[in-house]
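Have a look at this one.
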Amino acid sequence: MTEVDFKTRIEQLSAELNRHLHAYHVEDAPTIPDAEYDKLFSELQKLEEEHPELALPDSPTKRVGAAPLPQFDQVTHTVPMLSLNNGFTDEDIENFDRRVREGLDTVALIEYAAEVKYDGLAINLRYVDGLLVQAATRGDGYTGEDVTANIRTIRSIPLRLKTDNPPAILDVRGEVLMFKRDFEAMNERQREAGQKEFVNPRNAAAGSLRQLDSRITASRKLSFFAYGVGALEGAEMPLSHSALLDWYRTLGLPVAKEATVVRGYDGLMAYYKQIGEARPTMPYEIDGVVYKANRVEDQRTLGFVSRAPRFALAHKFPAEEALTVVQAIEVQVGRTGAITPVARLASVFVGGVNVTNATLHNEDEVRRKDVRVGDTVIVRRAGDVIPEVLAVVLERRPSPEPEAYVLPKACPVCGSHVVREEGEAIARCSGGLFCSAQRKEAIRHFAGRRMMDIEGLGDRYIDNLVEANKVQRVADLYALKLEDLLEMKRLADERDGTTPETVAQGKIATKWADNLLEAIAASKNPPLERLLFALSIRHVGESTAKTLAEWLGRFDLIRRVPAALLRVLPDIGGTVAESIADFFAEPKNQEAIDALLAAGVAPAGEHAPSAKLREKLDPIKLMAALAIPKLTEPRSKQLVEEGVTLEALAYLQVFNVFGLPAAVAESLDQWMLQPGNREQVKALHLLRVDLLAQLPETVTTEGHLTGKTFVLTGTLPTMGRDQAAALIEAQGGKVSGSVSKKTHYLVAGADAGSKLAKAQELEVTILDEAGLLALLEEKHEEK
């Protein structure tokens, strides 16, 4: 590049970065992810270092933020609010530690203060004689915006310091942010009001704090954490950063519990790893950690460069958001026929991996975000979450504009109609098991570890078996012979143009096929709940399958139970009940299940229906569960008190003689006129009679954990989750798959995920394995 080229590039970068700064700090509408901004900033910084004579007077490298909004009064910071230099690699941290030691002229291990890097809005709180008198945003680092009225609405910020001897002036530096739970609740309110949702908690915090009407700020739950100091008069500066944070705690200022002290490079890296592992379960967003030389004397010795302190560094996590281009929009077909639009992307490194695909969820989401082929989009990948497209960068949309995306009307795999039921967000392929994509996904699910647990039957074998026409339904797995597997392998090798070494040597390897056949045979007797989960019944997960097995006990009974009886079981609502009943009533599914049973599949551990079922067979409950419009449980009770039994209900011709409101009687008349409904009531009555004859008269308490709901997450030290669940259920407890207000205990092991954060938010009792074992050994019910 010539000097003219360097000058042009510097001008381009300066203009683009200033535009992004304005969007971020002034309009509260970020246009690119932080990682993309950091990349452009680093490029400009490097060019200016190599060609200092070409640096512009208003270069973003000489600034920290953007000019304040004219609607707010301006505040000049007594001590500038500078930002931090960033580190991304192990080498960056090693170099930082080396520079600190060289600056202090020592080879000893440096003591560092380490804390999380919040993803919010930097703020300066000025306390005069212990009273909060002013709050200002960072602004450009030298002049910020007066947001005192809004800051006063944040309840975690003390209006008066907790001390009888306050400093004359104390400028507290910290971060205003929004907790994840508050962000989700606010976006829910935005959706209900038909208003635009915020992209992320940082954007929400900035937009909420910089409202001209402080009542709006007060309606949004903002939080604050202190992490630094500006001006300080009338008190001694603490000797270290950690001592400063301890002092803040005594003053009633919120300080994050993650702040600590470490020593040397190894200490820095260990802290980074620890926080990185905890990040998914933290209640607020962070984008890295911050290291500071802990001793204030060391900080003074090291000093500052033009825009950042030499004694501190922000160690950023791999970006969770990045920019890339949509190359195509395709659809995936799931095991229940769900059609999911997927963006095929230009490869981008985000969340620690290379991402080439991102979910677009459903047709409505594609329309709402207006994602089109050729668009530049913001992609997010956090932890193990499937990558998703957050938003389109409209200013980068190509010209002429690409056409808006339209979901295909026919399944791209089998050509069947794509249908979308009223009130459903998901469109589905109507092809059922005629669709090879659904067959493959259904077989993958069926063979999974938590279902039939067929070890060795991976995706590649399933694809090849379906394509070789060896397996068209799950029952076909149990008819496979050695020659079928060998032929499948041969056809796949021919298709792929590969020749295995054994074939080249004139041999045929069969050990893998023998092992697979053994695994298939070993899967024939799963627990009932696993078989139910394996069948791919829509809306039936592990928890619902377990409820069916626990309450009804036998597969043949579950196959014939109507939706009305299913509705009275715990945690099974109307939609799930209808889905289960419809699944077992479908002739194709009946045929598939009969084929499984004929192949020798038989659930283990079947038992008589639970004694607890007697209470659910109350005729009032069952009448209401018929889902007859307007026939509520109180109206059902009214009928029963008038002497109407479930059996009689099926034969009654007139309903306006029982004191029911005219609208209810009319609804009953109309419902009974519909074909099949009277037969449905008769069948429910006969099933009730049959079940009552099988049940004992009384229900006994099974254990001291009866009535308690548990959720398991993470890896326990000495037992699997299935074993832990069995121990809990043996004492009468219930194991659920998700945390809610009804959860009594969360049992958390290593690598606990979002369930731990949810439990902490709801103040659910959290146990480790030792705590669970102690609870199981108790002989009395918890008070």
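Backbone N, Cα and C define each Cβ position, glycine as well.
Caution: TrEMBL annotation is automatic and unverified by curators.
Okay, these came from TrEMBL:
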BINDING   Asp34, Ala35, Glu36, Tyr37, Asp38, Ser83, Leu84, Glu115, Arg138, Glu175, Lys292, Lys316  NAD(+) binding site
ACT_SITE  Lys117  active site, N6-AMP-lysine intermediate
BINDING   Cys411, Cys414, Cys435  Zn(2+) binding site
DOMAIN    700-783  domain 'BRCT'
If you compare CA-to-CA distances from Lys117 (active site, N6-AMP-lysine intermediate) to each of the binding-site residues Asp38, Arg138, Lys292, Cys435, which comes out shortest?
Lys292
Of Glu36, Leu84, Arg138, which is closest to Cys435 (Zn(2+) binding site) if I measure between C-alpha atoms? They're all binding-site residues.
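Going through Glu36, Leu84, Arg138 one by one, the closest to Cys435 (Zn(2+) binding site) is Glu36.
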Rounded to a whole number, what is the top Cα to Cα distance in Å among the residues the record ties to NAD(+), namely Asp34, Ala35, Glu36, Tyr37, Asp38, Ser83, Leu84, Glu115, Arg138, Glu175, Lys292, Lys316?
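Pairwise Cα check on Asp34, Ala35, Glu36, Tyr37, Asp38, Ser83, Leu84, Glu115, Arg138, Glu175, Lys292, Lys316 gives a maximum of 25 Å.
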Looking only at C-alpha atoms, tell me how far Glu36 (NAD(+) binding site) is from Cys411 (Zn(2+) binding site), rounded to the nearest Å.
37
Quick one: pull the CA-CA distance for Leu84 (NAD(+) binding site) versus Cys411 (Zn(2+) binding site), whole Å only.
52
Out of Asp34, Asp38, Arg138, Lys292, point to the one nearest Cys414 (Zn(2+) binding site) in space (Cα versus Cα); all of them are binding-site residues in the record.
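Given the candidates Asp34, Asp38, Arg138, Lys292, the nearest one is Asp34.
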What mean pLDDT does the predicted model reach across the domain 'BRCT' (700-783)?
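80, rounded to a whole number.
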What number of additional C-beta atoms lies within 10 angstroms of the C-beta atom of Lys292 (NAD(+) binding site)?
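A 10 Å sphere around the Cβ of Lys292 (NAD(+) binding site) contains 24 other Cβ atoms.
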Looking at the binding-site residues Leu84, Cys411, Cys414, Cys435, which sits with the largest number of other Cβ atoms within 10 Å of its Cβ?
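Max Cβ neighbours within 10 Å, all protein chains included: Cys411.
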Indicate whether Cys435 (Zn(2+) binding site) is helix, strand or coil by DSSP.
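In the DSSP reduction, Cys435 (Zn(2+) binding site) maps to coil.
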Quick check: with Cys411, Cys414, Cys435 left out, which same-chain residues have Cβ atoms within 8 Å of the centroid of the Zn(2+) site Cβ atoms?
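Filtered neighbour residues, in order: Val333, Gly337, Pro412, Val413, Gly415, Ser416, Cys429, Gly431, Phe434, Ser436, Ala437, Gln438.
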What does DSSP call Asp34 (NAD(+) binding site) in the simple three-state scheme?
helix
Whole-number answer please: how many Å between the C-alpha atoms of Asp38 (NAD(+) binding site) and Cys411 (Zn(2+) binding site)?
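That comes out at 42 Å between the alpha carbons.
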Whole-number Å distance between the CA of Lys292 (NAD(+) binding site) and the CA of Cys411 (Zn(2+) binding site)?
57
How do the residues of the domain 'BRCT' (700-783) split into helix, strand and coil according to DSSP?
27 helix, 17 strand, 40 coil
Of these binding-site residues, Asp34, Asp38, which scores lowest on Cβ atoms within 10 Å?
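Among the binding-site residues Asp34, Asp38, the sparsest Cβ neighbourhood within 10 Å belongs to Asp38.
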